[in-house]
Structure formats: structure tokens, C-alpha cells
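K.L.:
Marked as disulfide bond by TrEMBL: A:24-A:56, A:34-A:45.
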Ligand SMILES: [Cu+2]
């Protein structure tokens, strides 16, 4: 990993405000919806994963992953 | 004498993009936003001086001419069309000249025009700050995360600013559009770097974004701007490096962490 590619989640017109909480949450949901629809190892879902990892604090993602395992995730999946 | 002067110059200039003792003005701008803020300040100051001189003149004149013996009877003017038109029109035009550049600047700060190249997350903790560079992750567990602690009062090295230097600086590339995601893990914080013109509140359970375009390489100092107990003024140090060095700086740190 000597050369890194400068790429991150693009600016999304759905979330033009300073508050990006929903942006992160939506990308997380989009990723898991994509996995459910296209199978666990669909390559086209990986971009959503990159987006939510860029936008969401690690702590949030850990908590959501835990909630999904326990079946208590509050979002629509 | 000359030594005292040199020492004073040195002490005040050495940190460059940090606050100076007895500083009255802004720090040098490092981003277009900060340049805009400074320009707006100067624009408004023009009107401020204009109004100040005019009002002082009227006030001093009134006090000077109101005299018990010399002018025992004050003038009894109750109406004057010309003066009333002038003193209505001008005070309504001046705020317009202030408001137009002010709103232009305000909306340009919010606007995310281009897609950012890098997202950096600044997570506020009560007595330190952690930063996450997660653009290059391939799993949820793996992430370039590091903590940034202020160097305590009793151990700064020579040349470091007291209670302003940190152990791990945030490394960012210069001349690149950055997205800062600001959120705390405990109490409210505020991520502020004066020379970048950035002050972004960190509110628990919410993530705020602010975009930065650092125009020159350098080390920029800031402090947490939310009062929340002892040692609250937590330091933020941003180091802007040339884009070609950024990759190696980050990947070195990444290799250190993942191994
Ligand atoms: Cu803080």
C-alpha cells in the first residue's frame, strides 16, 4: 500500500447541509440493502461500503453491526 | 534593545499560524474562506469608522454648543424634510452594503461545490481528539485511527508552543478539497482552526461536515471551542503537506497500525 488513491464519498445532492448524519446512515443502509438484493459478495455494493466507511465514525458502524446481529437495527433493511 | 526586539519578533512569529501574544487581528488566512472572512471584516470596518466619525462629530458638537450662558435657549426645530429623508435613506442603504457581501460569504461557506478528495473524521473526546482516515479501508475493523493529545504544560520541547502542540498532528494535503466530518464521542465539542476559517460544532449523535481547501503548506493551530470542564481548550494541530508527500505519510502510518 505504497500509493494511495485519493477518493472518497462524493458530495450527495440529497444531503447538501452541514448535518451529514443521515448521509452516513443512508449509505450504510444502501450497502446492506444492496447485499440483500444482490447477494453477499456482489462487487457493485462495495462502493456503498467505501462511502459509509468514509462518512460514519467507526464507533457508529460498530454499534450498527452489533444491532444488526442482534436483530435490533432501527433502520429499514 | 535590539535583542529584546529580535526576541519579541521571534517569539511572535515563530508559531506562524498560531495565536500570538496580544494579538488583535486575525491569523493569516490559509483557506479562501478565511480570506473571505478577513476581507468582509475590512469591508465592514470601513462603514464602522464612517459611522463612528459621523456620530462622534454630532455628539461632540451638541455637547460643545449646549452652554448655559452662551446658548441659553436651544433651537426648537421639530421638522425638516431634507434631513429626515437623508437620515432614513442612508441608514437603510448601509446595512445593505454590509448584508450583501456577508450573505455571499455565508452561503459560499456552506456550499460544497466540488467532490472532496479526502474525508477526515475528527472525533472529539473529553481530553483528546481522535482522527479517522477511512477512505482506504476494505473492512469495518480496519481503519487508520489515531489519538491526538495536547503535550502537557511541563514537557514541551524547545520551540513548541505551550499547551498548543499535540503528539500526533492531523496530516492533510495542501491544495486539495477536504471534507471534515466532526462528531464527538461524549460531550459537545467544537473543532476550530482560526487560520482555516473553520469552526464546526461537534454535537453528540450528529455528524457535521465542513470543507477545507488549505492553500499553502504549514502547521495550523486551533483549539476546541466548547467549554466543557477543566483543560477544555483542547488543541488541534493541522499539518498541511504537499500532495505528493501526503500519500507516503498516510500509508506509513497505515502500515504501522495494521502490522
Ligand atoms: Cu472539546
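The backbone N, Cα and C atoms fix where each Cβ goes, and this holds for glycine too.
Unlike curated records, TrEMBL annotations are generated automatically.
Quantities reported herein were computed from a predicted structural model and do not represent experimental measurements.
Have a look at these and tell me how they're positioned relative to everything else.
P.N.:
Cβ neighbours of residue A:56 (disulfide bond) (same chain, under 8 Å, six or more residues apart in sequence): A:24, A:25, A:27, A:28.
Contacts of residue A:45 (disulfide bond) defined by a Cβ separation under 8 A and a same-chain sequence distance of 6+ are given as A:31, A:34, A:35, A:38, in order along the sequence.
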K.L.:
I'd like to know which of these disulfide-bonded residues, A:24, A:34, is least surrounded, judged by other CB atoms within 10 A.
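P.N.:
Minimum Cβ neighbour count within 10 Å, taken over the disulfide-bonded residues A:24, A:34, occurs at A:34.
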K.L.:
What does DSSP assign residue A:56 (disulfide bond), in three states?
P.N.:
coil
